[in-house]
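Here the structure comes first, spelled out in structure tokens, and everything after it is commentary.
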Amino acid sequence: MKNFNLTHRIVMAPMARMRSYGNIPQPHVALYYCQRTTPGGLLISEATGVSETAMAYQNMPGIWRKEQIEAWKPIVDAVHSHGGIFFCQLWHAGRVSHQDCQPNGESPVSSTDKPFADDPSNEFTPPRRLRTDEIPTIINDFRLAARNATEAGFDGVEIHGAHGYLIDQFMKDSVNDRTDSYGGSLENRCRFALQVIEAVSKEIGPDRVGIRLSPFADYMESGDTDPKRLGLYMAKSLNRFEILYCHMIEPRMKTVSEIFECRESLTPMRNAFNGTFIVAGGYTREDGNKAVAEGRTDLVAYGRLFLANPDLPKRFELNAPLNK
């Protein structure tokens, strides 16, 4: 994977833990990640907020303050001491938030001011639509967070552009109802995502940057009427920045909890993207191996299986029984 010498194709997928009290990662996190580290293995951190307005859930980690950077350092060092390659997932929740999680109790920001249609428990506060002149500030938050991640020792960053969070809220036409240069056409809807990629790549170098996308998913009421076109456009557009990898969620994962029968495939996106391609979404040992053997991906990310089996690469190697 360019400058990174991987010893296997199994990636630890990003998984939120919500144990970073005060948005500061705690010392015990080092054990959690080290248990899942192998020499030459790639791990992607839990979603990490790029700013105070990026937050959505209680006790999620951030990386916009000095004390957060300092708290991450021994955790990253511990992973490196076990030979792991560690990327920080940079995240902004957008409208998937409540005012209690926002500074001064303000409304969360988004590409839109549309509230969730299905929110019977009022879990989410109706969002405030970002003004066009505010968007560069959010882009800069991602840039600074990437700089902070490298200061903390991370090998690189993954931009969270999936699962209905802010970047996805701009890309998906079921959410984005803007009439400015960030809404309407596919090119306009993807503009924000690509500007974030450009800013982060210029800050830390494209060889240290990846992005996670879920064009086919309809999570957090963020679906698209033409997900294949969206995925292909993004895969092709990323090439001009020469970033390290593109991490895509399988079409069968319309939500984060169910696997659906699906005829769609990520193969067109895999063929369109020039860098390392990572797939995720309901993979087993067998179909992960098959996907690699058939050239449909370079790497396979596992979430739940890695959570239940910290030694997942060894179990896969031995074809040993797995905890569920």
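Cβ atoms here come from the backbone N, Cα and C positions, even for glycine.
Of the residues A47, A117, A235, Swiss-Prot places A47 in the same FMN site as P14, M15, A16, Q89, R212, G282, G303, R304. Between the candidate binding-site residues, H160, H163, R304, the densest Cβ environment within 10 Å is the one around H160.
The most densely surrounded of the binding-site residues P14, G161, G282, judged by C-beta neighbours within 10 angstroms, is G161.
If you draw a 10 Å sphere around the CB of A16 (FMN binding site), it holds 16 other CB atoms from the protein chains shown. Reduced to three states, the DSSP call for R304 (FMN binding site) is helix. In sequence order, L42, L244, Y245, T276, D298, L299 make up the list of same-chain residues 6 or more apart from M1 (N-acetylmethionine) whose Cβ falls under 8 Å from its Cβ. The DSSP secondary structure for Q89 (FMN binding site) is strand.
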